[in-house]
Amino acid sequence: MDKLTPSQWKVVNKPYEPASTLKVTAGPGSGKTLTLLYKVLHLVTVENIKPDEILIFSLTNKAVDNIIENLLSVFEYSHTSREIVSQIGCYTIHGLANRIVVENEGMVNIIEEIGWRGLMKLLPPSKRTPHYFKSYKELEKVIKDYKLNGNRSSNIVARDANSVIEKLVELMDNCKVMTNDDLIIRAKKYLELDCSHADASSSFTQDLQKKYKVVLIDEFQDLYPSLSPLITTICKGKQLIMFGDTNQSIYEFLGCNRQIMLQLDNLHPRFSTTTLKLFDNFRSTPEIISLASKVINLPPTEKPVLDDTDETPPELVRKLPCGVSPQLVSFDDLVAESEFIIDKITQLVCSSAKFSDIAILSRTNSHLTKLASVLKKYGIPFQKLKSQPDWMDDLRIQFLLDILKVCSLASDEKHSHGFNTSDKWQSDFSLLVTMSAIKGVGDASIQALYKACGLKNLSIWKYITMVPNFEWPLGFSIKKKIENYTSNLYEMIESDQIHQLEDPLELIEKISEIINNLNLNPMYFQSMSDSQSSSEFKSHLQEMAQVMKVSKLNKPPSISFVKWFLETYFDQTMTFHQAKQTLQTAGPGTIKLSTIHSAKGLEFPIVFLTNGSVSNFPMDTNSLYVGMTRARNLLYMCNMKHQSLVTKPPSYSKSIMSNEFFWDYYRRDLNRSASGAKMTHDYSIRRYNQLRTNFGFYRAYSSINRCKSVFRRI
Ligand SMILES: Nc1ncnc2c1ncn2[C@@H]1O[C@H](COP(=O)(O)OP(=O)(O)OP(=O)(O)O)[C@@H](O)[C@H]1O
């Protein structure tokens, strides 16, 4: 058990008090997450708060996974630690909102790329001039703006296009298609509704209103204004304990953090609000802290300034210098950058580092993908840390899920007889999305069909299966294509087969067969990166099948398998993803690849921080600060463009290998015994030299750019 410092104890020992706020502010590596964990332990063991009365929030799945994993070790003294931890509510804010909404409304669609592109198909051609919606991203922005501000929208396009946007929003509402912001607003609405009927049977929504006594928020600097309605509703009247560091705020593009913090600061009366600070830094070497402070513009040897809310003695804990400063290097291209990274990794693992000590952090996912393919070529084991598994981002899988939704929802529509029930239309959205992927079915046909359904007051599925085709306002060849679509899905929907299939593999097989017969337009999936090859699709399909198998095991008897999977696959995937990543960490070491955003709250002994191999885009200060402060001992920074940093081309050096002082320091820092350093220095150098010859690293890291003039002449 780590020995807490007096300032950490002060946070932990602050007594439980309903309707109060405790705000803990502290820099990176000061032990905020650790203090949060011990605070939970204290609440359960000393304050007699039951585990199921404690709710913990963070913004990213990774941060939530990290908290759950560490809670297990904090409670390990108890033989029921797993049970205790499983009772503590630990969620991302969107995960929690999703659960509330699904509990109250059944299956909902969170709109993603494929859905926005489907909606684009419904825009009248005149509105599809470049002036209006050049891309689905632009449409997404306008719809979000319209939902927030309606006719008051400051966006001219949203106001101009109002009637079109209005129709799209209506379709989204009818089909329960939501943006993440809608999800938050809907969840808040259900929390308020539940308040009014006190004796409704127990539910997740009610637990949130009545059961929880303490809400802990990790990384409060990541909150943004649209989360405010839900968070303030949940926290009001409870003890709110929040931890954060404004310098690490990297979600400002989603809105101003200060705005929501003001609301949270004023949630409870001033006399019930306390702010405490932690000043120590247990993570990074003074060399790293000094450079990071320069970036964020803090005096490096900042003495804590005490304010009237904090009498904590400034007993600073800092690591001793390690003797190696962060290295800043710049490159002409990806080849030179990756040679540098591979060479350094080789030196490090030929010394005392393990692959699992190393992380490569980048601003963008696309740069990570390029580096991943380089690591693969050199046979270096790596693992991508992602907030959600790759299969969920694969457009082909999203299409498959949409076909499942069409089948399930259209089949339900058969049983809905009320004229104004919302489930009468629910399949429309997924049906439009999937139909518009058929070769030769253009925007005009989709629009004409959708309009005709509106006039008949029928869902699209009912229209194309009940209305004779000579009434359809479509040309002959389009009619044939739509009939082909209908006949492929007909049996699955009309004979209720979709709700009878209980075997995940059989279900995938049947749906794949349908998709295979649909004559899809390959251009529809064009925006997928090259890396999403067919072998990747196969492995994504296998991963989805694994999640399906897990959901099959926990499916309640009262619901069909497909419905259960579609309602819960988001939650189930996250649980499965977390379990899988834990297993991978336990196996042979792998280098971690992550965006800076996904690495929030994590730490690694060695970090390569890269801004992209040829990027001229300066890294924003807070992201740079977050990236740098993930490192405990060694930090390499590639192509960093920032006013406070000076980079230079790398010169070839292997001095880190012979720095015995550093490697002693390193092993002590990670609590590794010297016997763990089984290789002698000479042996390490011999091994490295051999690998260097194999890999072809010589005196400098070669740049293809320099050879460009030669290529031009050829
Ligand atoms: N009192 C302590 N004694 C020893 N080590 C500690 C102590 N408190 C924290 N640590 C260690 O310091 C490191 C950083 O702690 P933690 O991750 O909780 O920091 P943080 O403030 O949440 O950082 P960030 O803001 O970057 O997410 C961890 O390795 C943790 O185990």
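The backbone N, Cα and C atoms fix where each Cβ goes, and this holds for glycine too.
As given in TrEMBL:
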- Ala26, Gly27, Pro28, Gly29, Ser30, Gly31, Lys32, Thr33: ATP binding site (BINDING)
- 5-285: domain 'UvrD-like helicase ATP-binding' (DOMAIN)
- 286-601: domain 'UvrD-like helicase C-terminal' (DOMAIN)
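What TrEMBL annotates, mapped onto the structure for a quick look.
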residue : record           : Cβ neighbours (10 Å)
Ala26   : ATP binding site : 21
Gly27   : ATP binding site : 24
Pro28   : ATP binding site : 23
Gly29   : ATP binding site : 24
Ser30   : ATP binding site : 24
Gly31   : ATP binding site : 24
Lys32   : ATP binding site : 24
Thr33   : ATP binding site : 19
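Thr33 (ATP binding site) falls within a helical segment according to DSSP.
In the three-state DSSP classification, Ala26 (ATP binding site) falls within a strand. Shown in sequence order, Asp245, Leu278, Asp280, Asn281, Phe282, Arg283 are the same-chain residues outside Ala26, Gly27, Pro28, Gly29, Ser30, Gly31, Lys32, Thr33 whose Cβ sits within 8 Å of the Cβ centre of the ATP site.
The average pLDDT the prediction assigns to the domain 'UvrD-like helicase C-terminal' (286-601) is 82.
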